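Trainee: Sending over a structure as structure tokens; questions will come in a sec.
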């Protein structure tokens, strides 16, 4: 565990130390417009969150978690080195802006070299994110009490190190990047990632290395194909498990396979036809079907049912990410046009460091909820944790609407104050502290919604699909990032025509960012109604 924990800490410090400040880096060093920067960062974040789906597939099917983590760590190291070189080597970034002249943007070669580094970071994220938590859990035996306690402790340590790394990256490392030197500030994450790789490979001889068990996607496809082939067969009237012994219709049940689900749910019974044994079906002596595309076990069928029930709930997290994404991109542009000094001192909070406040809100709220709120709710509701997972997710959605509404009001006040003082360009006289309340509220919202999503997928997914469950959250982040990028592009193009004011103008004082925030709040309300319908329809796995 010391090797794994060391690898976790340094990997997060290295990756987050670079990714967190990309918005400022692309605008300050590569002189990209705010719209271009927001689009690139949203697409990059979306891709790094979508890549874990492919990484989980490769790890479970071919490579195993150890090899996937090793290759991904090396890829992240190369990506961080390339991004660092774009700042350290003058030929790899545009020249500094001359006073009174327009800043020159990057050449195609400079932009290609930077994107080359981003590609390695995406590969690294695709292998690390779905496997690091599962690989750490592999080191414990869940059949023993000590093993179960160890797994819970590792999960707590994992989220603690994530928050710690995020806060250090968003403060100390970003301060060095913004106020000392970009080359030094980007070299620090590269060095930290080197230590991460060193810790990981030093412990290679001591790890428990679980072999890949085959792709769960193929099992899902087999159920769909087998159910389609047997769509004209009659289903038993009894429960599928009872029918396997009490009905003339035989259902294929793999009693020896303990890794598969043995809990059976009502609904989607047409899929049960994939497990009906016909005279043409052949079962081998080892208990497996000779043709898995013709005959599937009831456990395989229940896996597919479980996923079908989860997908609608998961889809609500995509629109939820609209609020979180905008509060991590455009809030930085707001901070750049705000007074960020602490009181009357000369110290100025880096604009990118504002993303630490959601982490702060989450870190403060979690112990308050666990120690104070949850025990009182448990006495009232008689439920573990005080609220169900879906109820907690719903509260997070409500708070996200409040976040965007509050952010819109604050931006409207900030912009009006700037225009009253004839500051159409540059820093306003308003304090950047007004940006903090919605960010703190966003952290509380994520404590309810995002953490509940992780627990929901982990508990509701079949046991042999935990890697896929781990990647599902990041897949939602990815689609949310792409949707955010699409919304930014559509709003920018549709509101800037003719004499109409562009909501997302380069100078926020000339735009209407508040209306953009209000639009996201309206979408959040519609998403909340959709979530309520999905939650009412969902049935928890026993």
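Cβ atoms here come from the backbone N, Cα and C positions, even for glycine.
TrEMBL annotations: computationally assigned, not manually curated.
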Trainee: Any idea which of 156-176, 219-239 is down as transmembrane segment in TrEMBL?
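Mentor: Checking TrEMBL against the ranges 156-176, 219-239, the transmembrane segment one is 156-176.
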Trainee: Per TrEMBL, which of 12-32, 243-263 is transmembrane segment?
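Mentor: That would be 12-32, the stretch labelled transmembrane segment in TrEMBL.
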Trainee: Any idea which of 303-326, 471-494 is down as transmembrane segment in TrEMBL?
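Mentor: Here TrEMBL associates transmembrane segment with the stretch 471-494.
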Trainee: The transmembrane segment (112-135) and the transmembrane segment (431-451): do they have three or more Cβ pairs under 8 Å, with pairs 6 or more apart in sequence?
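Mentor: The transmembrane segment (112-135) and the transmembrane segment (431-451): touching, no.
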Trainee: Residues of the same chain, at least six outside the transmembrane segment (515-538), with any C-beta under 8 angstroms of its C-beta?
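Mentor: For the transmembrane segment (515-538), the sequence-distant neighbours (Cβ-Cβ under 8 Å, at least 6 residues beyond its ends) are 309, 312-313, 315-316, 319-320, 322-323, 326, 330, 390-391, 393-394, 397-398, 400-401, 404-405, 407-408, 411, 487, 491, 503-504.
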Trainee: Can you tell me which of 38-59, 66-92, 156-176, 182-202, 389-410 gets the most C-beta pairs within less than 8 Å of the transmembrane segment (349-369)?
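Mentor: Answer, by Cβ pair count: 156-176.
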Trainee: Need a quick answer: max count of Cβ pairs under 8 Å to the transmembrane segment (38-59), which of 12-32, 66-92, 182-202, 389-410, 471-494 is it?
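Mentor: Selected stretch: 471-494, with the most Cβ pairs under 8 Å.
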Trainee: Would you kindly check 12-32, 66-92, 112-135, 389-410, 471-494 and say which stretch has the most C-beta pairs under 8 angstroms to the transmembrane segment (182-202)?
Mentor: 66-92
Trainee: Take the C-beta pairs under 8 A between the transmembrane segment (471-494) and each of 12-32, 66-92, 112-135, 389-410. Which stretch has the highest count?
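Mentor: If we count Cβ pairs closer than 8 Å to the transmembrane segment (471-494), 112-135 scores highest.
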Trainee: So if I exclude everything within five residues of the ends of the transmembrane segment (112-135), which remaining residues of that chain have a CB under 8 angstroms from its CBs? That is, six or more out.
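Mentor: That would be 4, 7-8, 11, 15, 18-19, 30, 44, 47-49, 51-56, 58-59, 65-66, 68-69, 71-73, 75-83, 85-86, 92, 106, 155, 158, 207, 466-468, 470-471, 474.
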